[in-house]
Structure formats: C-alpha cells, structure tokens
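Only one structure is covered here, and it is reproduced in the block below.
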Protein chains: 4
Amino acid sequence: MRLLFLGDVVGRPGRQVVLDHLPRLREAWTLDFVVVNGENAAGGFGITEAIHDDLVEAGADVVTLGNHSFDQREALVFIERAPRLIRPANYPAGTPGRGAALVEARGGERVLVVNMMGRAFMDPMDDPFAAIDRELEAGPLGLVADAVIVDFHAETTSEKQAFGHWCDGRASLVIGTHTHVPTSDHRILPGGTAFMTDVGMCGCYDGVIGMDKEEPLRRFTRKIGSSRFEPAMGEGTLSGLAVETDGAGQAIKIAPVRIGGSLQPALPDFW
Amino acid sequence: MRLLFLGDVVGRPGRQVVLDHLPRLREAWTLDFVVVNGENAAGGFGITEAIHDDLVEAGADVVTLGNHSFDQREALVFIERAPRLIRPANYPAGTPGRGAALVEARGGERVLVVNMMGRAFMDPMDDPFAAIDRELEAGPLGLVADAVIVDFHAETTSEKQAFGHWCDGRASLVIGTHTHVPTSDHRILPGGTAFMTDVGMCGCYDGVIGMDKEEPLRRFTRKIGSSRFEPAMGEGTLSGLAVETDGAGQAIKIAPVRIGGSLQPALPDFW
Amino acid sequence: MRLLFLGDVVGRPGRQVVLDHLPRLREAWTLDFVVVNGENAAGGFGITEAIHDDLVEAGADVVTLGNHSFDQREALVFIERAPRLIRPANYPAGTPGRGAALVEARGGERVLVVNMMGRAFMDPMDDPFAAIDRELEAGPLGLVADAVIVDFHAETTSEKQAFGHWCDGRASLVIGTHTHVPTSDHRILPGGTAFMTDVGMCGCYDGVIGMDKEEPLRRFTRKIGSSRFEPAMGEGTLSGLAVETDGAGQAIKIAPVRIGGSLQPALPDFW
Amino acid sequence: MRLLFLGDVVGRPGRQVVLDHLPRLREAWTLDFVVVNGENAAGGFGITEAIHDDLVEAGADVVTLGNHSFDQREALVFIERAPRLIRPANYPAGTPGRGAALVEARGGERVLVVNMMGRAFMDPMDDPFAAIDRELEAGPLGLVADAVIVDFHAETTSEKQAFGHWCDGRASLVIGTHTHVPTSDHRILPGGTAFMTDVGMCGCYDGVIGMDKEEPLRRFTRKIGSSRFEPAMGEGTLSGLAVETDGAGQAIKIAPVRIGGSLQPALPDFW
Ligand SMILES: [Fe+2]
Ligand SMILES: [Fe+2]
Ligand SMILES: [Fe+2]
Ligand SMILES: [Fe+2]
Ligand SMILES: [Fe+2]
Ligand SMILES: [Fe+2]
Ligand SMILES: [Fe+2]
Ligand SMILES: [Fe+2]
C-alpha cells in the first residue's frame, strides 16, 4: 500500500498548501491511504468541523490530533459524529471521541490509525506504552489491519525513539508529530516499522513553529507576553512522509515529502 | 569560507565516525573551519582531555559542549588550558572555561564561535538572548570576526527558532544541538544567517538518542531504572551541516552532511 | 480511632527521632494506627529491609513510599514479602509490591492505606484521580474499611488540594508528602476528610529538604554538582499529623505533631 | 522593629480580609513595616492600580509581586509611578518597575525590600542567587538598611530553603511566596535571618490555591479545561508572618499570623 502522512497543519498557510497539493498527490501517486494531523489547523489552535471536512474532502482518510485537540470547543461535540477524526488514545476515560480508527482504504484494505500522546515535558496523560499495547493487541497488523499507522504526538526525541522501538514489528509506521520541524532520520526499523522522529508541520516555516515570530520572541526575551499567538502568514510548506508497505503491512520504502515554502523540496523517487 | 559543523559526538561510535571521516573531508572539501559538539563524546557523558585532543587532531578547530559539559570532572580543569574548547556562555559567572572563542581559520580569517544553552525544559541558565547580544556585540560579524558560528544547545524547536531569528544577520550560522536528531529545515534566514533547528548527533542511530535502547525503554515503561545508560554500539552516522559564507560572513550555501550508519546519506553538491 | 501519620523519614536523623518517640507516643496516646512514609529513610534515598523492620517494630502499622521507592534496589525484592510496605498505586502494572493495604488495627478495625503519586512536575505516572477512585471503590470507607488513609506524594499544592477535595467524604485522611516541609493548613474538609497539604519530614531541618545544604547550594549557584547528596546530620524533628475518627471513619479532630529539632513544637491537645 | 509580611492576596476574599484586619493590626501591634504580596489580588491574576492603592492605604509599606506581576496589563504602566510596588528583580533588564525598594518606616528606619523569583519548575528568569547578591551588596543590612526583607517567589521547598541559607545573616527575613499554603517551618536561621518556606495566601482556603475548585478539578481529571479560573469566594484567611528585629536588623522573634477563614488561628504572643 501507498501511505502518506502529513504533519501538523498550522493555520491558513498550512491548510492552503494541503488543499492545494493533496488532491493532486493522491491521484498522481495513486495513494491508498492518507493521514493528516490537524491539531493546529484552526488559527494554530485546534480544529473546527468545517476545516476537518475540508481536509477529508481534500483526501485525508483520517485526521489526527494532539495536545491542542479541543482548543476549539466545538471539537468536543463534532468529534462524536466524525468517524475519521481521532484524538490521542491516552486521554482520560470518558473523553469525547476515540483514540483509534479502523478505516477502509480505497482498495478495500483496512488501516488502523492510532493517535497517542507522549508525556515527557507534556501534560501527563496515561502511559502511552501500555496504551499502544492495548491498541495493537486489539487490531493486530496482518490479522485485523492491513496497515497500522501510529501518530505519536510528543516533545522529546528520546520518548519518540523509544516508542518507535517499542512498536517495531507491530506497526507499519510510527511517526512523530508536535515539534513542527521535520527530522531527517526517517528509516525502516529492524522489525519492519517505518519511523521518523517528527514529520514536521504543514505551515509557514518563516516563524516560530508556524506562528508569527514577534510574540514568541517577545515572550522569550521579555518574559511578558503582549498578545495572542497568530500563525505566520508566509507561504506554507507541505511536510510529510511517504511509505510503501508490503502485503504483510511491513514498510519497504520510505521517503520524506516537502513541497513549497522555504524548506528544501523532497519527493519520493519510487512512485 | 567553507564551514562544517558536526553535531553531538556520542560515545565510541560517534568518535569513530568523526575520526574516520573528518580528516578526509577537511582536505577534500578544503574546509576553512570545523566545529564539533563534543558534550557526549566520553561514553555519552562529557568529554575527556584525550578525546578532546583526538577531535582537534582530526580537524576540529573548536569543540563545543552543552548540558553535559562537566560530566567528566577532569573537564573542569583541562578546559582552562584548552583554547579550542568552549562551554555554554550562560553558565554562572565563575564557571571554568569560556563560552566563546575567537579562533584563526587555516587561511587566517578570524572565526567567532559561541556556545549557548537554552532554558525551555532544561536546567535554567542565564538568559541566552541577552547573553548572545553581549557576545555578538563584543565580536561583531564583519568587524571583529569574518564568520560567527553559534551552537545553541536547547531542547525545544520553538526556543531554537526564536533564537535563530534573534541572531539573524549577526551570525553566519546558528545551529541547534542537544536533541541528537537532525532536522531537515536547514535554510538561510532573510538576514543571511544559516539556520538548522538541530544538526543531529554523530553516533549510532539504532538506539535512543545514541544510547543503547534497553535502559531507556525500561525507564519509560517501568518507571524504575536498572542500570546506567550506555552508548548504542552499532555503526555511527556522521551528522553535520556544510555552510559557505561570503566575504561579509553571510551564508550563501547550505547543505546537510550525513555519512555512514543508518540515516539517508547527504552531501553538499556545491563543494 | 486515633491515627498518627509521620512524614518522609530522611536519613539517620529522621530514623532516630522516629525510633526515639514513636513507641512512647503509641502508648501514651493509645494510638490505633500509625503510618510512616519511609521513602528517604536509607541515607535519603529509598528504604532497606532492615530499616523497614525497625520502623514497623517502633510502631508503624504501614510504611508508605514515593518517587524514591526503589532507590535501594533490594526494595524491589523484599517489598513482595512485606505486607505492611506499600508503594504508589499508580506505578505501571507489573511493578513489584502493592499500592494499597488493608491492615488490621490493634483493636481489630480494618484500615485501608493507599499510597499515590502526583504528576505535576513529577515523573508522569498513571492518573492518580482515576486510580484513587478504583482503590476507594474496592475498599469503601464504612463498608470494607473502618478508616481510609491516603498518602498523596506530590509536588504542587494545587494538585494536592484538588486531590483532597476529590476524595473528600471517601477517606478519613488525605495527607500530602514529598516536599519535606509541614504546612499549617491541616483541616477537616466539608465531607469529613482530614486534609493537610504536606505533613513535612522527619529529619534535620537545618539543611535543604533534609539534605546537607552544601551540595544543593552548589548546584543552585554553580549549576555543576560536585558530590552526592547526603542527609543533614543535625538533630531531627518528628513531623506528623494526629487525627481522630468517629465510628463512620470520618475525621473529627486534627492536630499537627512536631517534636524535637528546630521547628516550633506542636502536640494535639485532645489526647 | 516590628515587621509583618502578608502572603499572596487572592481575589476579593483575600483583599477583604486584608482590608478588614490590617489597619487594626498596624495599630494594635504598633507595626513598623508591612509588606504584602499582591500578585493575585485582581481576580487571582495580577494587580490593578486601584487595588494597589487600597493595599497601601490599608497599611502596606511595600507591595510585592511574582510570576503574575503583569497579568493586568495596566501594571506595566502604573508600576513606574508606584514607588511602593516592586516586581521580581530577576526579570530581564528593561522590564518596567524595579525589583527592590528602600522605603522609610514609620519611625524613620530604612527598610530594603527585595522581590525575587525562583527558577525550579517556573518560567526561567535570571539567576536569583547572583541577583540577590547584587541587591544585598547595594543595600547591606546595618549600613544602608535597618532591615532587609526578601520575598522569594518560588515553587519548590528545596530552592526556597537553599535561598534562605544563601541569604542567612544578610537579611532580616527571607520569606517564600507562590504556593499559597503556609508552612509551619518558620524559624530564625543561625545567621539571624528569619525564614519561612511559604507564608501562604490571604484568600479563601476552601478551593484550590485560592481558586474555585471546579475548574482545577476538571483539568486534573479530564485534561480539558472548560472555563477560566475564578477565585474561590468563601471567607478569606489572612496568612502572614510576624518578625521582630533588633538594632542590627537581625530577627529575634518570629510567629505566624492566621486570622479568619478555615485555617487554625495563630497570633504572635510577643506583641
Ligand atoms: Fe502541533
Ligand atoms: Fe502539539
Ligand atoms: Fe548531546
Ligand atoms: Fe545536551
Ligand atoms: Fe521524600
Ligand atoms: Fe518524594
Ligand atoms: Fe500567588
Ligand atoms: Fe505565583
């Protein structure tokens, strides 16, 4: 299967670059399954139903979230009727929405997508290592799912790499989100799981993690904020990862995708 | 000038890959100046004088450090007689060693190298933004220094990007270290400063930030450690950044360098 | 019932003051049940079997722990054969020992003791609020237990106070440990639960949280450690809380206990 | 001299209890100097000019602040014309206001008040240990100042105790603020400095650090907020510390002050 994962969509520049390119990529690369992290799609904070619908219409099979899941409070409601929208699985029991979705790909394959949040330097959620075990036992790769994609939304490289190793052989892809900067350590782990510490964001890189740089700089240097954070409004870069899996759901090819904006462009050479 | 920066050298695999390749690269690319972050060179924790000497002999003009600067206590002593070794400038006054060095390149140019530590999710040091202003005013690019290289040793992408913008136009290169994972957002900022959120490590990537994965996994999953951290002992990857500057010390070309080990190889196409 | 809780025993001065006074207090006050937090009893770090046995012999019905539970690795083993020793209940599944104990008091009453760890500014464990619900449903006050004592080992006043309110009416006592400083906000909450944000330590207060002050001062001022932490060796203060419960296990009287050392003495006036 | 320090005033219940009692205490105890921490006086967040004026009129010689100094943005302006209002001295250079004030007491004595912020688990400011050295050298006890009062606004007991020892002999009083819970470890350190880890708040203790308990509980248990924090509106407790100094500015008597609300009352027996 041909999988594409796109990182945290930040504000209008992020949405724009996804809406501009995803429909075309879907077709050009005959993608089987697309996951988009949408936790910052609405002005940098959370997601609205309208934006969610736009992302799905543009080609996202599943939209994942993170620590900003419910910044837009309407998400607490519409997530219940949005089968393609998931939030981290290790939120407390009773949290609206689900942390995993088993969704049918275009060709009929079943893809399990799990969203999970790390705990190092983040608001402490329940143990992501124990939680992913439960999810992967409920939807084992090769039995229940033809591919398994895990969005691990976490701050530190150490927790993300540990998480990748922990899942190795049980997922097709473990991909980090949240730092809004793509790493260049994409690789296939020994057990067959594609891994990348962070996929980066879809948004304007001429800022501070996608936000206009003035207010972050003010807070770092003066320790007193003076306004809200607003998305940086320059041209967005689409940042993602392309993974091809075999019949067993193991990753066999992997390549970063970067289109537009200010980062060095990258495209898979195998599609 | 042709500048090369190599990220945190971790343990023997990191030292090995640097010692194997740096002398050759120095010559093949006719490098003018090389900086190596050595904070994890001694078994993952700090640096010894012998290791420092090896790095310098292999071609490092300056060796920088970070939060692990003094894990090997001998560094508190020998740093005073090591003019090419610097530790973060925002340690408290009275800390052994210096936070910046003005060093002559092979061709006689003067290069100012500054090491600084971030504060977000790190042990709080003095304000790195105020401190870099002082350093850059003491050794202004174009007047005192023909090139200025800033190693910003920090955890979060936001503080690093803010720091890059803060220095833009006043340094030839602001490069992040500490996370041990290279990012693919290397670029030249509008003011002419080359920037990369993190340069990654020189070490074995089949582990957890360069350390053998067993103990980190144990701590993440069981919350009880059972042994010391040891470097992962697989083949090391050299991870760095190549920057070319013009006569004014502004960056004009930039490319990641990755050699050996398990990451996708990368070399500059302009040298 | 007459309950006494003694805070974190730190090193030899802490052990000494407990062993000196507890046997006498037990008799003089005809105490029904005594709980002692022993997480720092062994040189400031963890607990050994010999120390545990001493505390039990001196009159502790139950010994609780915290983030230092397993600093002495022998605790991983002997905790399995120590029915009066508990560690925080929200450690990962599979952790040696138990997080709660139902122990018979001298007069035959059953006392449920639960140990739990907070997450704010601490190593993230599983949700203590969900975990205490499970424990209190398994051993409800008035049905299974004649008294319920909860040691909430946490850093922040906010998480501790929230936890007290959360348990109010379901426990006889929710008492904070870990900061090593007694608070003077002991009170009985509206639902009948005795509460105190932190009970303080049994140890030498002429130091930094019970440790000799030199090394902590060095680390705060120089950001470089130079030796291990050692307990402060001046005279210890016993710091605890006295609570009297009614037949329903509700708290009806509460008073701090401070004996010896450098703090203002305090004794209950109702026994 | 007779000194009184009142802890963080939180919202209306905090203001009320201070305005109700301070004028009377001032007279009854013939107080020489009163300091009030006002960082939460305006609805729990910051301070307004009107509230500041009320506190001064009620008898505060100096009003100190903390991490919430500028939550009310008008404070950035009126602090410049409020000689009795200080904010932490270790804010970045250029921050409006001052971090210390030398103020004349009723009897003509000069009192130096310094406000400082800790860094452990707080937004990192400049080194408070180095900063207090500068302040105490500029206004040495016995030479420039007849009494020196240091409000150390910090989270952890360890940093506060270390800070107290650091200043011992150079200040009349080092008192902790910020946790909103009074500790019972008030004492005079060997060098003659009165010390208390935290003085507690002036506010309603039937809440979570002075705020209505519903929203904090929701965030701890559900990890999703649903409204702003609002002060708890029950009866406030005045929480402070009484210190008497000798002619050299050394502390000779110390006692906690707690009046009203739900904590155990306390008054000095020496005035
Ligand atoms: Fe994000
Ligand atoms: Fe995020
Ligand atoms: Fe490092
Ligand atoms: Fe580091
Ligand atoms: Fe403790
Ligand atoms: Fe503890
Ligand atoms: Fe406060
Ligand atoms: Fe505060």
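Backbone N, Cα and C define each Cβ position, glycine as well.
All TrEMBL annotations are machine predictions without curation.
D:His178 is the only one of D:His21, D:His178, D:His180 that TrEMBL places in the Fe cation 2 site (with D:Glu39, D:Asn67, D:His153). For the Fe cation 1 site, TrEMBL records D:Glu39, D:Asn40, D:His180, and the single candidate of D:Asp8, D:Asp71, D:Asp212 listed with them is D:Asp8. Of all the binding-site residues listed here (D:Asp8, D:Glu39, D:Asn40, D:His180), D:Glu39 has the Cα closest to the Cα of D:Asn67 (Fe cation 2 binding site).
Across the structure, D:Asp8 (Fe cation 1 binding site) and D:His178 (Fe cation 2 binding site) are spaced 7 Å apart at their Cα atoms. Of D:Asn40, D:Asn67, D:His68, D:His180, listed as recorded positions, those near chain C by the criterion of a Cβ under 8 Å from one of its Cβ atoms are D:His180. With an 8 Å limit on C-beta distances, none of the binding-site residues from D:Asp8, D:Glu39, D:Asn67, D:His153, D:His178, D:His180 reaches chain B.
Shown in sequence order, D:Gly7, D:Val9, D:Val10, D:Gly14, D:Asn37, D:Ala41, D:Gly44, D:Gly66, D:His68, D:Thr177, D:His178, D:Met201, D:Gly203, D:Ile209, D:Gly210 are the same-chain residues outside D:Asp8, D:Glu39, D:Asn40, D:His180 whose Cβ sits within 8 Å of the Cβ centre of the Fe cation 1 site.
Contacting chain A by the Cβ rule (under 8 Å between Cβ atoms), the recorded positions D:Asp8, D:Glu39, D:Asn67, D:His68, D:His153, D:His178 reduce to an empty set. Taking CA atoms as the reference points, D:Glu39 (Fe cation 1 binding site) and D:His153 (Fe cation 2 binding site) are 10 Å apart.
When the alpha carbons of D:His178 (Fe cation 2 binding site) and D:Asn40 (Fe cation 1 binding site) are compared, the span between them is 10 angstrom. D:His68 (active site, proton donor) and D:His180 (Fe cation 1 binding site) are 13 Å apart (CA-CA, integer value). On a Cα basis, D:Asn40 (Fe cation 1 binding site) lies 12 Å away from D:His153 (Fe cation 2 binding site). Between the C-alpha atoms of D:Asn40 (Fe cation 1 binding site) and D:His68 (active site, proton donor), the distance comes to 7 Å.
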